[in-house]
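Below: one structure, written as structure tokens.
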Amino acid sequence: MAGGQLNVLSTLDQAKTQWYHFMAIVIAGMGFFTDAYDLFCISLVTKLLGRIYYTDDSKDTPGALPPNVSAAVTGVALCGTLAGQLFFGWLGDKLGRKSVYGFTLILMVVCSVASGLSFGSSAKGVVSTLCFFRFWLGFGIGGDYPLSATIMSEYANKRTRGAFIAAVFAMQGFGILFGAIVALAVSAGFRHAYPAPSYSDNHAASLVPQADYVWRIILMFGTVPAALTYYWRMKMPETARYTALIARNAKQAAADMSKVLHTQIEESADRAETVAVGGESWGLFSRQFLRRHGLHLLATTSTWFLLDIAFYSQNLFQKDIFSKVGWIPPAKTMNALEELYRIARAQALIALCGTIPGYWFTVAFIEIMGRFWIQIMGFAMMTAFMLGLAIPYHHWTTPGHHTGFIVMYGFTFFFANFGPNSTTFIVPAEIYPARLRSTCHGISAAAGKAGAIIGAFGFLYAAQDQHKPEPGYPRGIGIKNALFVLAGTNFLGTIMTLLVPESKGMSLEVISQEVADGDDEEAAYPK
């Protein structure tokens, strides 16, 4: 876009924080609340699924999902998410943010319910049906990443834009916590109604038939808050930046935002016509794109990829780490529902003490410290805490030192969320031109999910004991060495962050070089 900025976009940039900003945070944030609930609640119920469908009463230990089944159940939604991020990111730039936004929510709600209703006459049938619906659930979740980030970015003023996008993403923390709370409540209720002995006391009686309802209720419950926001999601007008810069209808954008901001915004016919005919048209991966944004795309994809290797390998399999350090007793000493209860309690404590505070520290400090320095700090601190876990690992696993391990582990999550887990979501929504913003955010997010898949699938095998792996698994490098690998991954993330531009306090059109602004242009690059 040549020349200065449109009146409607300038008005949005300068707007005071008001009610519609908070409505946008809630509407977009509840999608992320559901995303996190749906993605992470599966880690709560995999042990229960193993007991229900793969228990052999003649063995001394409860049933567990075979390695290939466990990998499929935990990872298939991530595969769907990757595909959804690419597809809906592209579609959001082609059809508009709003028109695609409602469809992703419907897909999430339907597939979440269907996951809980998975059927089959055998264990294989149930798991296959579950994986099918969780893939498409992930596909819908994937669409929420680029669309929610882009919508919030394009609605916000430039002074608090980072905090608003971070607040949307921070709803993930509440989604993870809510999943743990639901699992705690459901398992506690069923334990009270259907008491059972431990597996070691009575193999068959330790698993009550009603346990099959428990995992289904947990998987389906996340649809409730998402469904409640559908009406408001559909009432949101299309973003002014899409309407003005992509649909080339600046007058309509001004009219839409006049209603939202409760102020009269005038857009001259001459200025609107200039935008309609004068916008740049170079496409994704063109020479002009690579010259302006090639390093930016390398930065946002690589840092998100590296972050998610570490983040998802910890988060999806933290229950196994808790078992090693003694927070969750051996499975045979518990019945099925008690094991679920203890896993959920551990996840709730980590979410409450490490995950959620980190997200909201980002909200509080991102407009003070900036995106670049928060991301550098987060990766560096994650590296340090991972090394602090790995180097004296045997010390942490000896009796009397388990609490120290949990504290260190919690700080790792804190600095992931007060760090790259938040900023890798925020930056791609700010630094690309409007016509490619959703697409590039989707590409960056998909790179992250590729890292998550490596973390989720790879950690199952890599963290196995070098001498006594779990049944069905080959020997791995052990948790200690896996923690060293994750520390190295985080250090690489620190290095790649040097390519990330700073976008604090700047108009989206200045950051993406769609308008010239000599005063702000230098700020697009970290000092």
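All positions are counted from 1 along the displayed chain.
Cβ atoms are placed via backbone N, Cα and C, with glycine included.
The model shown is predicted, which means the values in this text are computed figures rather than measured ones.
Per Swiss-Prot, these features apply:
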- 1-21: topological domain 'Cytoplasmic' (TOPO_DOM)
- 22-42: transmembrane segment (TRANSMEM)
- 43-70: topological domain 'Extracellular' (TOPO_DOM)
- 71-91: transmembrane segment (TRANSMEM)
- 92-99: topological domain 'Cytoplasmic' (TOPO_DOM)
- 100-120: transmembrane segment (TRANSMEM)
- 121-124: topological domain 'Extracellular' (TOPO_DOM)
- 125-145: transmembrane segment (TRANSMEM)
- 146-163: topological domain 'Cytoplasmic' (TOPO_DOM)
- 164-184: transmembrane segment (TRANSMEM)
- 185-211: topological domain 'Extracellular' (TOPO_DOM)
- 212-232: transmembrane segment (TRANSMEM)
- 233-292: topological domain 'Cytoplasmic' (TOPO_DOM)
- 293-313: transmembrane segment (TRANSMEM)
- 314-348: topological domain 'Extracellular' (TOPO_DOM)
- 349-369: transmembrane segment (TRANSMEM)
- 372-392: transmembrane segment (TRANSMEM)
- 393-405: topological domain 'Extracellular' (TOPO_DOM)
- 406-426: transmembrane segment (TRANSMEM)
- 427-442: topological domain 'Cytoplasmic' (TOPO_DOM)
- 443-463: transmembrane segment (TRANSMEM)
- 464-481: topological domain 'Extracellular' (TOPO_DOM)
- 482-502: transmembrane segment (TRANSMEM)
- 503-527: topological domain 'Cytoplasmic' (TOPO_DOM)
Report the listed stretch (100-120, 164-184, 406-426) having the maximum count of Cβ pairs within less than 8 Å of the transmembrane segment (372-392).
406-426
Mean per-residue pLDDT in the topological domain 'Extracellular' (185-211) works out to 93
Verify whether three or more Cβ pairs under 8 angstroms connect the transmembrane segment (293-313) with the transmembrane segment (482-502), leaving out any pair fewer than 6 apart in sequence.
yes
Cβ under 8 Å to the topological domain 'Extracellular' (43-70), counting only same-chain residues 6 or more beyond its ends: which ones?
123, 126-127, 179-180, 183, 199-200, 203-204, 206-207, 211-212, 214-215, 218-219, 315-319, 331-332, 336-337, 339-340, 343-344, 347, 460-461, 470-473
Determine whether the transmembrane segment (406-426) and the transmembrane segment (293-313) share at least three Cβ pairs under 8 Å, counting only pairs 6 or more apart in sequence.
yes
Quick one: do the transmembrane segment (164-184) and the transmembrane segment (100-120) reach 3+ CB pairs under 8 Å, ignoring pairs fewer than 6 apart in sequence?
no
Counting only CB pairs under 8 A, let me know which of 71-91, 100-120, 125-145, 349-369 has the most with the transmembrane segment (22-42).
125-145
Counting only residues 6 or more past its boundaries, what in the same chain has a CB within less than 8 Å of a CB in the transmembrane segment (349-369)?
159-160, 162-163, 166-167, 169-170, 172-174, 176-177, 180, 318, 377, 406, 409-419, 421-423, 426, 504-505
Under 8 Å between C-beta atoms and at least six residues away from its ends: which parts of the chain pack against the topological domain 'Cytoplasmic' (92-99)?
143, 146-147, 150-151, 154, 234, 236-239, 242, 246-247, 435-439, 442
Run through the topological domain 'Extracellular' (393-405) and tell me, per DSSP, how many residues are helix, strand and coil.
8 helix, 0 strand, 5 coil
Within the same chain, where does the topological domain 'Extracellular' (185-211) have neighbours whose Cβ lies under 8 angstroms from its own Cβ atoms, ignoring anything closer than 6 residues to its ends? I mean 6 or more beyond.
48, 51-52, 55, 57, 60-62, 217-218, 221, 331-338, 340-341, 344
Surrounding residues of the topological domain 'Cytoplasmic' (146-163) on its own chain - C-beta under 8 Å, 6+ positions past either end:
12-17, 20-21, 24-25, 28-29, 31-32, 85, 88-89, 92, 97-98, 100-101, 104, 169, 236, 239-242, 363-364, 366-367, 371, 425-426, 428-430, 434, 437-439, 441-442, 445, 503-508
Could you break down the residues of the topological domain 'Cytoplasmic' (146-163) into DSSP helix, strand and coil, giving a count for each?
13 helix, 0 strand, 5 coil
